[in-house]
Amino acid sequence: MLNILFIGLSLSSILLLIALGLAITYGAMGVINMAHGEMVMVGAYVAVLSGIWLDANLLVAIPLAFVVTALLGLAIERVVVRKLYGRMLDTLLATWGVALLIQQAVRLEFGLSFFGVHVEGLGPGLQHVTTPAFLQGTFRLAGVELNAYRTFIILVTAVLATATWWLVYRTAAGMQVRAIIRNPNMAAASGIDVKRVNSMTFAFGSGLAGIAGVLISGIRTVFPDMGPPLVVDGFMVVVTGGVGSLYGTLLSSALLGEINALVAIGTNDILARAVMFAVVILVILIKPNGLFSFKER
Amino acid sequence: MALENKLRLAAYALFFLAVFAAPVFSDEFLLNRLSKYLVYGMLAIAIALTWGYAGVLNLGQGLFFGLGAYMLAMSLKLSSPTSLQQGADQPVPDFMLWNAQPGSPTELCCITPGSFIWLPFQSQWTGLVLGVVLPVLIAGLLGLLVFRKRIAGVFVSIITLALALLVRLVVGDAQPVTNGFNGLTDLGWLTIGGLEFDPYSHATYYLCAATLTFTLIGTRLLVETRAGLILQAARDDQTRARYLGFDVPLYQTFFFLIAAGISGLAGMLYVVVAEFASPTFMDLSFSIAMVIWAAVGGRNSLLGACLGAILISAIETSVSETAALIEAWKAVIGLIFVLVVLFLPRGLAGAAHDLIKRFRHSQPHIAPSSREQRNEVH
């Protein structure tokens, strides 16, 4: 039983890393970023490529993926999202277009495949990333057999979540983000450079998704179409938790990850996902603003 | 305004003329393909109705399409020759025998657990009726629940999306009863009153064309009724519409279920034309594709959305047949989509509308009004 809860916790961790970025961008800017799943995918490919080209392991890929996806996120914010503030549903559609572009860029090896140039690691095929030797196998803790890699996922997430919490609740920049979440117009009137903070927030959220991608690459197959299901899961977490509430995101990712693990043990992965969707629908029907929303003013 | 109405009437007339004249210029292969585009056109109309007129973006429209498709496909599966040749007195789908435990009776009642739900589908009418009734029922129930609780905007999108994905997963998982992710293939032809609808025939094309025509005219008339106007008022300012005493959730639910019915109908037609039903109909990407069609064509225009669907899917199939572009084309679609959202927020129909306006008021002092028009678009 403890083992199942532990697997659930590792699922929750990845969900949390994906959802944190979505929660901040959606809560603060009213942007639904459907290309967020592609950030995870790009992060996973950074792990693949750094294995092939740099002969480096996952640990190196983590900061690398953060930088790559944060820059990519920054570019998307500057080129597309910036022009669409205040048009929430349009951001959903435009970023879906961006997602298609990124998927095809990876599949076509950035278009180089047309010129007969092959970038090893990219393309339509499936990729696998082997975890470093010291993260393979299991170890015993308090009488429970724990998978080393899953423990690693949980630890990395704990560190990143704490760092995010510290950034948002203990720094001046974080206060600006929180001000924007509550009321963007009032924040702008108080002299906060909303555009700049938005860009930074978007980039940071994308970077977290990139790290989630690296972590996923150790347990799942990496392929160009892996993004959409992940962004859907991320949104389910954000909406269930309550938009704009980071604690809500934390708790609902824990809830959904554990539900997923528990049902999957009893039945199978497919039905586990179905049950997760059912729970999300019920939560929205019962509490339309999510489990942990603050009062709108 | 009068000119605008005339132009709109002309556009509709031209469209119907083109649709009904198309068979003269096409072989049966092209005709089959055109039938599919017309079905997609109906889906875009459904999206325009809920998104453009009711302001509710349904990201799970594929659910209603998929349900319509599965209902008819189940009936047509039982009328296919192979289902009759499975050694039972009554037809039994071939995949059920592959999935059945050895020794189970070759009867729909009990060949596999749950196979009894196929029993009513021995009549083709069950499929035909349920294909519309089931989507309408589900949409009605869901709409009442959601709109009564004043759940709005993105939350509705998430609920519909989650429901579509949930059903997709359950259908895919119920392998013995639904043939899982392989979907239902090898179907019989739809037969109404002795007339067989061969998917490559003129009859099938005209069936699609006629249904699309009725849908387009019907929805056009519907949005001009009092109910349609109230709905649009609610879209623009829900609180005000509610304070004026209108039961907004009721109107929203009504239009939501009409759109679901249209989608169910489209699903049935698709099964007749394409001869299969698959869980991928309920995928996120297909539902978003419908939204893309409507957005490119113009979400506030029923005809525009319909044309958007036909246009994009026509370009998509023709370009994807060029071997080098099969993969690149998806990137092009993505790019078109980003550009349309950024620069043509009301789609092609909106652009055409502006063009006509500018043409009429070419005097410089009226020019600012067109800019205002553009700014109020969301």
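For all residues, glycine too, the Cβ spot is worked out from N, Cα and C.
Annotation source TrEMBL lists transmembrane segment at B:37-56 (among others).
Long-range contacts of the transmembrane segment (B:125-147) within its own chain (CB-CB distance under 8 A, at least 6 residues past either end) are made by residues 63-64, 67-69, 71-76, 156, 159-160, 163, 248-249, 252-254, 256-257, 259-261, 263-265, 267-268. For B:125-147 (among others), the entry in TrEMBL reads transmembrane segment.
Residues or ranges marked as transmembrane segment in TrEMBL: B:154-171 (among others).
Nonlocal intrachain contacts for the transmembrane segment (B:203-223), taken as residues 6+ away from its ends with a CB within less than 8 angstroms of a stretch CB, comprise 12, 15-16, 19-20, 22-23, 31-32, 34-35, 38-39, 41-42, 45, 49, 53, 195-197, 231-232, 258, 262, 265, 269, 272-273, 302-303, 306. For B:203-223 (among others), the entry in TrEMBL reads transmembrane segment.
Here the transmembrane segment (B:244-270) has Cβ contacts under 8 Å with residues 35-36, 38-40, 42-43, 45-47, 49-50, 53-54, 56, 58, 61, 64-72, 127-128, 131-132, 134-136, 138-140, 142-144, 147-148, 150, 207-208, 211, 215, 219, 222, 227, 230-231, 233-234, 238, 277, 281 of the same chain, all six or more residues outside its ends. Positions annotated as transmembrane segment by TrEMBL: B:244-270 (among others).
Feature annotation from TrEMBL assigns transmembrane segment to B:331-352 (among others).
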